[in-house]
Amino acid sequence: MNVLLWGVLPYLVIATLVLGTIWRYRYDKFGWTTRSSQLYESRLLRIGSPLFHFGILVVFIGHVGGLLIPEDWTEAVGISESMYHFNALLFGGIAGFCTLAGIIILVVRRRRTGPVFMATTVNDKVMYVLLVGAITLGLWTTLVAVGAGSEAHNYRETVSPWFRSIWRLNPDVHAMAEAPIQFHVHVLVGMLLFAAWPFTRLVHAFTAPVHYLFRPYIVYRSRDARTPAPTGRPRAGWSPVGTPDRDRSTR
Amino acid sequence: MRVMAQMGMVMNLDKCIGCQTCSVTCKQAWTNRAGTEYVWFNNVETRPGQGYPRRYEDQEQWHGGWELNKRGRLQLKTGGRLKRLLSIFASPVQPELKDYYEPWTYDYATLVEAPLGDDFPVARPKSLITGEDTKVTWSANWDDNLGGTSELGHLDPIVAKIRQESEDKIKFEFEQTFMFYLPRICEHCLNPSCMASCPSGAIYKRSEDGIVLVDQDRCRGWRQCITGCPYKKIYFNHKSGKAEKCTFCYPRIEVGIPTVCAETCVGRLRYLGLFLYDADAVTAAASVPDEKDLYEAQMDLLLDPEDPQVIAAAREQGIPEDWLDAARRSPVYALAKKYRVALPLHPEYRTMPMVWYVPPLSPIVDLLSEQGHDAEDRDVLFGAIEALRIPIEYLAELFSAGDTEVIDGVLRKLAAMRSYMRGINLGREPDESIPASVGLSGETMYEMYRLMAIAKYDERYVIPKAHVEQAHDLEELGCSLDYDEGPGMYGPFGEASGRPVPVAVENFQALQQRQTSDEPAGNEELRGRVNLLNWDGNGTPRGLFPPRREEESR
């Protein structure tokens, strides 16, 4: 069971994530969008969205630090385990709660604002369950750790080595199996989220427009530079001509 | 000098009757899809009025366009790149649907399905956004013909500004005597702020003809362009989650036919043609410190297509000979630079717009004739132009960053043309002092009259075709020879299967069929759709009407 969960599943998830993203990019560039709903409602969005997005960015950086940097490296530069742990809990906790607060505002907004709810697909709903699940479970691990004080489980001896070992193609199943239950659940839901990622609106994160900082303001493009439009398949996504009335029965 | 070609448009506002034909045909052609119900690539506003979306010209509120920063450098009004990236998660000043309007339809089914009763069934308005019953309170031209101006007039940002400047001395009087229509499409600017705001770099300017397009495959829906465009001519498709904008009907332009709005214009007030401009000088021109110099700076960008130096530089840049020829015959260049009667819309946004307007003389003429004056007499007209400060100031806020002298000059030319031509039409000796008083020769004035009053189709629309040797690269013309089968024959799996057929090819086939077949026009099928532009009202094309009940039951 452990081998299946921590030795096989991660590779399935990585394969789905990578191949799914490539597939989506090749075949559904038209669908690759944030699907913003700001046109319908922006008062709540203006609070919830930055809270969530900046929160999750900090959380992401925290995860990179915690999972990728081995414990002896930080100790080598003089950061003791307790100091690291305290900071991780403090900043991770704050960022995590911001993220959670943000997404709760966004979910409530999505449910309570008529037009936004109408524009919500089943795909979105599944994605929200996974996303909120992963965030809440992550905060749970933090809370348990805070409750345990100095006795808290040191995930940098179990989860992190396992995570690094995945990329060395030699998964340290044993290390991960040692971790307490809250980490197991959090990691499982996280893996599900990553597997679903390429097929949801979350793909917009992969095209974060960092190059905006460096590109010229005015973009000239010659017709020559384009790849020819006919590629053997119709361009996806244009809805049919006409504006059909909203039919609730088909939703 | 880097010479580039730019398709431009001039609209003669004197001729616009506000019939909205351009808006409707444009909508039929481009935005009759779900998600674009509220999108009007072309709209016609009554001025004074709020415009569409409401109060879009109030850049203190919407932060569109460019401004000069403290160091005198050009910067987006929403701030620098980093600041804008950091505010990407919730656009701070994006218009909401309520600033446009909530699109609706009517519950027509009730009319035929309601059970027999004492009351007539009513088709109630239903929101296309929520599907619920709705109350229709606003739309794209709700203040049409000054409707509601006595209550809402103060909401026009320009009225507000002029009132403030004249310390509220002017009340509503001028709004009852002064009205004109302003048709608006995307300006296809030389220095577009929508493009500069796009984080993904999906908005681009075609280097061949300067048309500004959104790459639908690269747009990620960050919606920064909507804030960036001061004309609010980028719309968010709320179904696809992507930005959409006026395409200048590029599939038509590429094959040499005018845009839909120009083609269908009842008043024939639109002119299409080429500008040659110096692409290297654009940023400098947009950065001149004084807003009132922007019009002149923009005029300096336009290069004289007769100038041998310009021609040589254009050849160097690979602009083909027939394009240079078209640039020499360009009606838009003539109106903007040769006669200097066409002005850019809101040059103070520093975007260098390429859709130009001949400001209307008609409000002044109407007023004079109502008061019993001779509205074709030069001195009466000139006197009126001087006396009617409010309309002039209003027009100046629209077309010359508040510089009334520019408007004055243009209106004087139009007035002079009016009285000069009256003399000729009455068989009098042409009064050469009239054109001389506005700095033109009699011959030039006559040419200007010809272009503005009686120019034929091929003089109003001088559109060089995209080049055959580039055909395989064109979005629309690509492999046009491969499409020799008629419309309706697409792929093995029915509609939308197989290779996509360019719109222009589809239209070309439909037109050809209409001209050569014995059947009522419009009977041809286009992927199960009916081409309304080709339908002449005869017959009952399949797919246009719902099937009759007998047919259904069969």
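Even glycines carry a Cβ here, placed using N, Cα and C.
What TrEMBL says about this one:
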DOMAIN    A:2-223  domain 'NarG-like'
TRANSMEM  A:6-23  transmembrane segment
TRANSMEM  A:44-69  transmembrane segment
BINDING   A:His53, A:His63, A:His186, A:His204  heme b binding site
TRANSMEM  A:89-108  transmembrane segment
TRANSMEM  A:128-148  transmembrane segment
TRANSMEM  A:181-199  transmembrane segment
REGION    A:226-251  region 'Disordered'
Looking at the binding-site residues A:His53, A:His63, A:His186, A:His204, which one has the fewest other Cβ atoms within 10 Å of its own Cβ?
A:His63
Would you list the binding-site residues among A:His53, A:His63, A:His186 that come within less than 8 Å, Cβ to Cβ, of chain B, in the order they occur in the sequence, writing 'none' if nothing qualifies?
A:His53
Mind looking up the mean pLDDT for the domain 'NarG-like' (A:2-223) in the predicted model?
90
Residues of the same chain, at least six outside the transmembrane segment (A:6-23), with any C-beta under 8 angstroms of its C-beta?
162, 166, 171, 173, 176-177, 191-192, 194-195, 197-199, 203, 206
Given a Cβ distance threshold of under 8 angstroms, which distant residues of the chain, six or more beyond its ends, lie next to the transmembrane segment (A:181-199)?
5, 9-10, 12-13, 16-17, 20-21, 23-24, 123, 126-127, 130-131, 133-134, 137-138, 140-141, 144, 153, 155, 158-159
Given that the record lists A:His53, A:His63, A:His186, A:His204 as binding heme b, what is the largest C-alpha to C-alpha distance among them, in Å?
23
